[in-house]
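A.B. asks: Got a structure for you, written out below as structure tokens; questions coming shortly.
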Amino acid sequence: MDKSMLGDLDGLPEEDKMRMAAMVDQLQIRDSLRMYNSLVERCFTDCVDTFRRKTLDKQEESCVRRCAEKFLKHSMRVGMRFAELNQGVATPD
């Protein structure tokens, strides 16, 4: 976890800071797993039509790859925009 996120907690006892850091870590893990599961579900649903064999055919594999790349690029852009908005709110004019 980025310790600078806890900068406003300087007045708290060290034990509470540690507890807050652990909570933030758990939330980040939960959000990462949620994003991964969403990616898998979306790309699988969009790209895999039949269950003829154990492996994906070339068309399915290509579709999954493109889908995952789009999803990750979109997620990164949303995260960057969110950070920009948060930075604008945190910085007084």
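Including glycine, each Cβ sits where the backbone N, Cα and C put it.
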A.B. asks: Of the listed cysteines Cys43, Cys47, which one does Swiss-Prot record as disulfide-linked to Cys63?
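C.D. replies: In Swiss-Prot, Cys63 forms its recorded disulfide with Cys47.
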A.B. asks: Run through the motif 'Twin CX3C motif' (43-67) and tell me, per DSSP, how many residues are helix, strand and coil.
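C.D. replies: Across the motif 'Twin CX3C motif' (43-67), DSSP assigns the residues as follows: 15 helix, 0 strand, 10 coil.
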A.B. asks: Cα-Cα, whole number of Å: Cys43 (disulfide bond) versus Cys63 (disulfide bond)?
C.D. replies: 8
A.B. asks: Cβ distance under 8 Å to Cys47 (disulfide bond), same chain, sequence separation 6 or more: which residues?
C.D. replies: Leu56, Glu60, Cys63, Val64, Cys67
